[in-house]
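Asks: Here you go, one structure.
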């Protein structure tokens, strides 16, 4: 009797033992049934293949080669899949959301076909297929959120293969989760010995407010649990110590260490009058919130990236601000003249053109900051801030200095609509050199915008207003339509003198539109 044990494949639930009794011409029926029951859903196919397996064993070649050939065939194993993973659809993308699948399981797919729509940190982008084949299995359904880059989202098979027999690989997510849990376990294990008290007693750091509270109530600073950076005892730490250790008992005598025995008082923890809790309690969804409660709202990928970029900008870029008033009378008159010829353009289109022409005249402002220092840009691409339901995004008017106002207007309208629909392509919002944010349509007279790194400047546009000004030539009063613009500049690249010259030239171009060489 010859007994052989074979390793389990992807579809085998346990080890299977093939028994071949020398001299018998076929396996018994109960052996076939046992094999079918052990192999689970592949049992039926395996039973049909047993007769072919028996012939392979009795062939002239070594029987081990036939066994290996049998278990590597597509009869016993599933179809090898083509993996479809979450791609990086923008430079800052770390995860994405599956918005909609455009193909169904079993449908044929060719290179370039749209597979699904993915919400990135910037917009909703259509993911295209890189292979020909059949979509066999969708692993991440519509609505899946926070899918990390490289995560398996679908499986494909080659043309001619049975897509229903595709191999579904084991989830790789379990491994990182297990490793993360294993990493956190040792860190939690050493936590029980929390007597790092000697370290704090060596160098004790107190905030001024904490020192005042501890000195006033006669509390030992070494009993406070520091929660501030680098072991700093904060005001909250001193207040917590004040709650648990009453001041009178501690100040009456030094030889009364029995006073701290009634320390079960922290269970009550009555807050001192005038002290509010650090964090209010969470409100229950569906019920009216009590005063001081709040409800956590899920943040979209775009909102999270906006928060990260704004924090990065304000903490790493030295912002400098300069403002100037521009007379919009010439632009208003030119708009009316163009409207008579059925050419509709907005004030913002003239502002984009004026900024691009000014950058062309002053290339030292058309720069960005990299890790090694300033980088001069060869192209002038103006990023225009557009407000959407999901957040602020900045589509780009490319080569704006060489375009006319009407062409800029057409491009801006098309990009703004695509931004609101979430249909912007990555190349339509990446690579700008200068940003413009206009809040004039909301009645904002003036504001300061946050620089969009790695750019050096952003121009904030307010609304136009009528003001009486003294005309120096005629010494008479006349009404002017003034608009305040504020330039936020990176102090590492654009100093105050350069920013002032830029604003002065920008005003000249805007107040004299003929200087911008309108087509």
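Positions of Cβ are set from backbone N, Cα and C atoms, glycine also.
Nobody curates TrEMBL annotations by hand; they come from automatic prediction.
Reproduced below are the annotations present in TrEMBL:
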type: COMPBIAS; residues: 259-283; note: compositional bias 'Pro residues'
type: DOMAIN; residues: 81-157; note: domain 'Lipoyl-binding'
type: DOMAIN; residues: 205-242; note: domain 'Peripheral subunit-binding (PSBD)'
type: REGION; residues: 246-297; note: region 'Disordered'
Asks: What mean pLDDT does the predicted model reach across the domain 'Peripheral subunit-binding (PSBD)' (205-242)?
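Replies: So the average pLDDT across the domain 'Peripheral subunit-binding (PSBD)' (205-242) works out to 82.
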Asks: Please list, for the domain 'Peripheral subunit-binding (PSBD)' (205-242), how many residues fall into helix, strand and coil according to DSSP.
Replies: 24 helix, 4 strand, 10 coil
Asks: What does the DSSP secondary structure composition of the domain 'Lipoyl-binding' (81-157) look like, as residue counts for helix, strand and coil?
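Replies: Taking each residue of the domain 'Lipoyl-binding' (81-157) in turn, the totals are 0 helix, 38 strand, 39 coil.
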